[in-house]
Amino acid sequence: MDQQCEALEPRSTIVYIVYMGKKTVEDHELVTKSHHDTLASVLGSEDLAKRAILYSYRHGFSGFAADMNPGHAKALSKMPGVVSVFRSKKMKLHTTHSWDFLGLDVMKPKGILQESGFGVDVIVGVVDSGVWPEAESFNDKSMPPVPTRWKGICQIGENFTASNCNRKLIGARYFDQSVDPSVEDYRSPRDKNSHGTHTSSTAVGRLVYGASDDEFGSGIARGGAPMARLAMYKLYEESSSFEADIISAIDYAIHDGVDILSISAGVDNTYDYNTDGIAIGAFHAVQNGILVVASGGNSGPYPSTITNTAPWILSVGASTIDRGFYAKIVLPDNATSCQDGYCTEARLNGTTLRGKYVLCLASSAELPVDLDAIEKAGATGIIITDTFGLISITGNLSLPIFVVPSACGVQLLGHRSHEKSSTIYIHPPETVTGIGPAPTVATFSSRGPNPISPDILKPDIIAPGVDIIAAIPPKSHSSSSAKSFGAMSGTSMSCPHVSGVAALLKSLHPDWSPSAIKSAIMTTAWNMDNTRDIITDSFTLSYSNPFGYGAGHINPTKAADPGLVYVTTPQDYALFCCSLGSICKIEHSKCSSQTLAATELNYPSITISNLVGAKTVKRVVTNVGTPYSSYRAIVEEPHSVKVTVKPDILHFNSSGTKLSYEITFEAAKIVRSVGHYAFGSITWSDGVHYVQSPISVQVNDFIRA
């Protein structure tokens, strides 16, 4: 067996991650032995070291996770060859119509889907809660043999055998070294909580006709790249060392040979990269030619809440689509409300709710509902008042839930207080498409600016993440049903939309690097909605900005032919890390006098968080379009900032040619702009392609006239 999977006894020590940078030898056994030796030097014996190590990271990079006390961790941090030592942190696991909304029509004779072979033979690794292999979305009918370059396994376990893998689901692993024996979940790649099945089918699910969530949103369910291969790397959200698990998952994904890695998880309140497990693992994935796509988190609408902010990660925010599920509530009669509006088991206090709808009053983004308690009490359904427009209903729900504005909730509650008993009338819900404005930035989607490196714009992009219908396990896990679908919301749902598009681009352009694919997605994004207006914010109902939507809303068709791309190499990222000093020690041993400031990184967006006077930055674009072409710069200046581009015309005479330009930002004399961000863009166009980069500038000084 390639990996040890027996559950450990509950521990009194702490799980630390010891990161040792790029591995110096290729022999995996020698790498593991070096980890044992390193840990043994502080624990006292090799036997103790072997018992303490949970994971040996030995494929894409070198390091290990182990049980130890703070004294051992401190001693290890001072040893030669050790880049960083940090405690393993808890993480959060952050469709019938959404792909139509993105313009990917399976019925069209031409388009990115058809030209890419529907993503044929691209391998997408999904790091999530597992997979339900019997789901129709993972059938392998008419799929060619598994690519010979694949080196992964189908790891057997509880209710999961090698036969559960096929030509679609080509590999599956699970990482349970830190999961308490009391946790009720499959000790195998099989999914229990629906999250992983949903995200993976969103990215690469096959076409399934007649899919719906209890008759809502009926249509053809499919992933972005239906002919791409799936490899699942299962994590347990209840794990006491989730971060150590996810690093191991990334390490194995590098070994196995995935092309795209989709991660719908993250750590809140992370303020450096050298203690960010996803950032570390993703860096080495990119070194190995793998594009890493990760969710940006669900802590919006508050500023600087964005996660997965490293520039080598494609960070995804969430947007709405032009579909909604609506029902008319006729004043009521049989609604009941909990004291203080929080519908928890304690508040219900044994109340029988059979035949009743429960009215719950929300005062924050936290869902004020204990779904299990209400279901056990026999309720028919739930009505939630959304006072601030912050509520997001996520997960696989077994009760009907209706979200109403606060005014409606007050009306319902007021009526209930005057009526001893009454009946509520809810008209049958309807699925409505074509609504607008859409997309909008979802209220829950985490926002910029980047809390670690403010000169790197995050999120990079937004994609559909509200009420996304995709495959889930059947409600009864003993059921043989292969057509079980449910709606979920979150940046977890946005992330696999981008991963699916990335798989199409990788199939269409197999020689493109991770940064080229990322650039193509960013520079072709929409920043207008379906009413031909600027994308708005669902919370403020006013115009959003790049801290909400990044470069814009993903546009798969345009991304297939971007014209120009901004290429960034792993060496560039390493030099960027060197410029950050102690907060980014990845590959730090290579640091010398040469560094690369965040503003100088060849990124597809431009952010200057501290403009004092004037600043000039350089960018390099690579021609991937028409060999003989000329591009002219079109600038939308940020308020109170003068922008100059030199040269303002780029002439290309072959495909693959690289040309550079400089863009100078000069603060104007208008004092009221000091200390506030202003936004604009630079677009290079040859009349066919429009290669747009968002600009975000905070002026902290001005030039006097």
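For all residues, glycine too, the Cβ spot is worked out from N, Cα and C.
The Cβ of Asp128 (active site, charge relay system) lies under 8 Å from the Cβ of Leu93, His195, Gly196, Thr199, Ser200, Met232, Tyr233, Lys234, Leu235, Ser262, Ile263, Ser264, Ala265, each of these being in the same chain and 6 or more residues away along the sequence. Residues or ranges marked as active site, charge relay system by TrEMBL: Asp128 (among others).
Positions annotated as active site, charge relay system by TrEMBL: His195 (among others).
TrEMBL lists Ser492 (among others) with the feature active site, charge relay system.
Packing against the compositional bias 'Basic and acidic residues' (184-194) from elsewhere in the chain are residues 5, 7, 129-133, 155-160, 164, 172-174, 176, 232, 234, 236-238, 395-396, 472-473, 477, 486, 488: each is 6 or more residues past its ends and has a CB under 8 Å from a CB in it. Under the heading compositional bias 'Basic and acidic residues', TrEMBL lists 184-194.
Helix first, then strand, then coil: DSSP counts for the domain 'Inhibitor I9' (15-94) stand at 31 helix, 21 strand, 28 coil. The feature domain 'Inhibitor I9' is assigned by TrEMBL to 15-94.
The annotation domain 'Peptidase S8/S53' is assigned in TrEMBL to 121-550.
Look at TrEMBL and you will find 600-697 tagged as domain 'Subtilisin-like protease fibronectin type-III'.
Per TrEMBL, the feature region 'Disordered' maps to 181-200.
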Let me know how many other Cβ atoms fall within 10 Å of the Cβ of Ser492 (active site, charge relay system).
31
Within 10 angstroms of the C-beta of His195 (active site, charge relay system), what count of other C-beta atoms is obtained when all protein chains are considered?
26
